[in-house]
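Please read the structure below before turning to the comments.
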Amino acid sequence: MSSRIIRATAANSSIRAFVANTTNLVEKARGFHQTSPVASAALGRTLTATSMMGVMLKGEKQKITTKINGGGPLGVILVVGDSEGNVKGYVGNPQVESTNIRPGKLDVGAAVGSDGEITVIKDLGMKKPYVGTAPLVSGEIGEDFATYFLNSEQQPSAVSLGVLIDIDYRIKASGGFIIQVLPNVQEAVLAKLESRIGQLESITVMMEQGMNEVDILNHVLEGMDPKIVETYEVDFECDCNVARFEKGLISIGRQEIREMIEEDENTELVCHFCNKKYHFNKEQLQGLLDEM
């Protein structure tokens with residue numbers, strides 16, 4: 001089953017909602033990076049949130065980048081997404097040791113750390129990208145995105161993200177939701193929503209119970225008449241290619257390329273996002289030098 005996001009409204013369009021099932025997408029990322037359980041959870045949550053934020057973008061070629069740096073042993077989390085919800089990403093230390101808060105509950109906050117910030121960069125096709133930052137609250141990622149929305153975009157939001165890891169370290173389930181109130185929301189609706197959010201079990205419990213994205217939408221916004229507006233098929237997609245790496249080599253300068261030619265028979269470059277390896281022999285490197 002492919003990963004999917006639904007965009008919906010509720011309460012006479014005074015609430016907007018995004019609900020994601022990203023199980024296959026996050027499993028693909030785990031396969032590329034061979035992440036430990038806690039790294040899978042942290043990366044999976046960030047991929048899920050960024051994918052939902054991607055479909056919030058208006059333009060076809062607009063991009064979003066999310067960077068989380070909490071100073072923890074996991075290192076930096078970096079995720080890039082497009083306006084169709086497709087994402088790619090990596091963590092600084094994919095094999096970081098996993099610890100639990102309690103049995104079955106990974107301590108994502110300890111791995112990520114909370115001494116740092118979340119940065120969101122939106123490339124909207126303008127001269128300069130939009131850059132927003134917010135301090136990390138817990139390193140658990142869901143709370144940190146909610147803080148970002150409130151502090152940087154002045155948008156009150158409920159954010160829930162979760163990744164279930166199987167005993168063989170594969171991704172059993174992954175998903176999340178972002179619920180946002182719009183300026184026309186009535187006080188009674190807001191109070192009802194706040195009460196409902198406060199009563200909810202975690203997103204991982206919902207997924208363990210077998211709920212899909214539509215079930216979760218109806219469960220979270222029960223009694224608020226949710227209506228699905230659009231459905232997106234999303235995936236972990238890396239757009240790396242030989243031409244991009246050739247450009248990267250050219251950008252480091254003639255001297256560096258000469259040193260590579262002198263030192264090695266073959267130069268190996270690895271994509272951070274998908275771990276695909278690219279090899280350049282001396283003749284290819286010399287060809288790049290000749291083009292410069």
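Indices start at 1 and increase along the chain as displayed.
Backbone N, Cα and C define each Cβ position, glycine as well.
Listed in sequence order, CYS271, PHE273, CYS274, LYS276, TYR278 are the same-chain residues at least 6 apart in sequence whose CB falls under 8 Å from the CB of CYS240 (disulfide bond). CYS240 (disulfide bond) falls outside any helix or strand according to DSSP and counts as coil. According to Swiss-Prot, the feature disulfide bond maps to CYS238-CYS240 (among others).
Among the features that Swiss-Prot reports, disulfide bond is placed at CYS271-CYS274 (among others), with the record citing sequence analysis.
For CYS271 (disulfide bond), the count of additional Cβ atoms within 10 Å of its Cβ stands at 18 [all protein chains shown]. All protein chains shown were included, and the count of other CB atoms within 10 Å of the CB of CYS274 (disulfide bond) stands at 19.
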